[in-house]
Amino acid sequence: MIGVLSLQGAINEHQKVLDNLGVDNRAVLEPTDLEGLDGLIIPGGESTAIKKLMVFNGLFPAIKKLVQNGLPTFGTCAGMVLLSQPESFDTIDATVVRNGFGRQQQSFEEDLAIQGLDGPFHAVFIRAPYLTNVGSDVKVLAKIDDRVIAVTKDNVLATAFHPELTPDSRLHKYFIENFVHQTV
Ligand code: GLN
């Protein structure tokens, strides 16, 4: 069972991709929704808003503990921000630059080579962050110039872009197979 943090942002889109892959999933709105999860998706949206809502309803300490204790977790865009910020989940050793590619109007799409996937991935960037000063234990899966935009670290996968906004489900499949260890 995969949880999709459902406080704000691109929530239904992630659930649709999981549904299409035949992966059981549920919305996570409060701490009891975390019980028995095999993995968690932290969607894109607005990281400050998502964090405020998590603190407000008690999800923040509960998720932080689970992620730091090894729960397979996939963060996209704002999810990458939360997984990286030292003051948030602090699981990826890197400096995160929020809105690193510019504001809403500088949103863009690009076909990217991503390590671990066969063939290019059409990636949608919306007020996307990037990572820099990435630690040696962080595996970089993709970059644009010097900007790191897809990584893994232990139980965590994070992308600066929105894989749930395109019909290509390879990154979700990659997460489920390599992190959650379920066959899809
Ligand atoms: N810039 C946003 C933030 O820092 C993330 C944007 C997104 O998730 N599309 O929260």
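Cβ atoms here come from the backbone N, Cα and C positions, even for glycine.
Listed by TrEMBL as binding L-glutamine are Gly45, Glu46, Ser47, Ile126, Arg127; the candidate from Arg98, Arg147 that the record includes in that site is Arg98.
For Arg127 (L-glutamine binding site), the nearest of the active-site residues Cys77, His162, Glu164 in terms of C-alpha separation is Cys77.
The number of other CB atoms found within 10 A of the CB of Glu46 (L-glutamine binding site), across every protein chain shown, is 15. Other C-beta atoms found within 10 angstroms of the C-beta of Ile126 (L-glutamine binding site) number 20, with every protein chain shown included. In this structure, the C-alpha atom of His162 (active site, charge relay system) lies 15 angstrom from that of Arg98 (L-glutamine binding site).
Separating the Cα atoms of Ser47 (L-glutamine binding site) and Cys77 (active site, nucleophile) is a whole-number distance of 9 Å.
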